[in-house]
Amino acid sequence: MTSTEWRTGLTGAQQAEIRALIDAATTHDGVAPVGDQVLRELGRDRTRHLLTTDDDRVVGYLNLAPAEGDDPAMAELVVHPQARRRGIGAAMARTALAEGGPGARIWAHGNIAAAQAMASSLRLVVVRELLQMRRPLTDLPPVPDTPGVRIATYAGPGDDAEILRVNNAAFSWHPEQGGWTEHEIDERRNEGWFDPEGLFQAFDEQTGSLLGFHWTKIHDASLGEVYVVGVDPQAQGRGLGYTLTLIGLHHLAEKLAGPEPTVLLYVEADNSAAVNTYRKLGFEVFSVDAAYAAN
């Protein structure tokens, strides 16, 4: 018998079950059903957790981040592969949309067939798309010269204020990347993947101010990520985004020891300028994440 309930906090055992559920879905679908932020929230009470159990076994999980300002509530969910086609995902999504309020959205990572079927049954429409683009870390273009710019890696928390200034100026429009505080940097600095040598910064040689940065991430021996590239809007037009991206790609190419090293990145599907820039760097679309909302 299945039952569904909201939880503000999760026990250690529940967190372990949810992680195992996510792993099972990832293996089955070939794409992770939730993003890194959801994993960080499992041990916290900043978001709400909807659990569906079947004979005391967690078969469905949904994370609901509440609306903030102009940004609508955002949900991500996963159903165990062996518990699908029973309406569990649709029921959880319907509950989250009602709880989330006007404009609430549900992310479908990879927008797999099961997610599309659920969205269709609820008459949801795609309101946002995020492209995952990839390219092999071979035959990289050389890094162009940057006169008047000094490149340095992350030196510690003393760099944070400038990184936050540039990040929040570059992503003032972005619902997840914008509005960062020291807390967001602290969270990522405490992650096992964080490497100060993989966070590159471009400084104006005359003023010393930060012009842009590229934060890289290594997933495993064969896969790296362009985690964040941010350029101060007042420094745009100088090719800094291109240069910083290439610096990070060369770094990842040196670090990854796998036989076919690859790099991924995420970019908004409607950001045509960024998509075109990444295509020029050899990236191609690998998968699409879709955010659904009520029509």
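For all residues, glycine too, the Cβ spot is worked out from N, Cα and C.
Per Swiss-Prot, these features apply:
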- 4-138: domain 'N-acetyltransferase 1' (DOMAIN)
- LEU77, VAL78, VAL79, ARG85, ARG86, GLY87, ILE88, GLY89, ALA90: acetyl-CoA 1 binding site (BINDING)
- 149-295: domain 'N-acetyltransferase 2' (DOMAIN)
- 229-231, 236-242, 271-276: acetyl-CoA 2 binding site (BINDING)
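Features recorded in Swiss-Prot, as mapped to the structure shown.
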| residue | record | DSSP class |
| --- | --- | --- |
| LEU77 | acetyl-CoA 1 binding site | strand |
| ARG86 | acetyl-CoA 1 binding site | coil |
| VAL229 | acetyl-CoA 2 binding site | strand |
| GLY237 | acetyl-CoA 2 binding site | coil |
| VAL275 | acetyl-CoA 2 binding site | helix |
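Cβ crowding, taken as the number of other Cβ atoms within 10 Å, peaks at GLY241 among the binding-site residues GLY237, GLY239, GLY241. Sitting within 8 Å of the Cβ centre of LEU77, VAL78, VAL79, ARG85, ARG86, GLY87, ILE88, GLY89, ALA90, and not among those site residues for acetyl-CoA 1, are the Cβ atoms of THR52, GLY60, ALA83, ARG84, ALA91, MET92, ALA114, MET118. All protein chains shown were included, and the count of other CB atoms within 10 Å of the CB of ALA273 (acetyl-CoA 2 binding site) stands at 9. Across the domain 'N-acetyltransferase 2' (149-295), the model assigns an average pLDDT of 95. Straight-line distance linking the Cα atoms of GLY237 (acetyl-CoA 2 binding site) and LEU77 (acetyl-CoA 1 binding site), rounded to a whole number, equals 40 Å. Applying an 8 A CB threshold to same-chain residues 6+ apart, the list for VAL79 (acetyl-CoA 1 binding site) reads ALA25, THR52, VAL59, GLY60, ILE88, GLY89, MET92, ALA114. The distance from the Cα of GLY239 (acetyl-CoA 2 binding site) to the Cα of LEU77 (acetyl-CoA 1 binding site) comes to 39 Å. With a 10 A radius on its CB, ARG86 (acetyl-CoA 1 binding site) counts 15 other CB atoms from all the protein chains. VAL275 (acetyl-CoA 2 binding site) has a Cβ environment of 17 other Cβ atoms inside 10 Å. Other Cβ atoms within 10 Å of the Cβ of LEU77 (acetyl-CoA 1 binding site) number 26 in total over all chains. Taking all protein chains in view, 15 other C-beta atoms sit within 10 angstroms of the C-beta of ASN271 (acetyl-CoA 2 binding site). The record assigns LEU77, VAL78, VAL79, ARG85, ARG86, GLY87, ILE88, GLY89, ALA90 to the acetyl-CoA 1 binding site, and the maximum Cα to Cα distance across that set is 15 Å. Looking only at the binding-site residues LEU77, ARG86, ALA90, the one with its C-alpha closest to ASN271 (acetyl-CoA 2 binding site) is LEU77.
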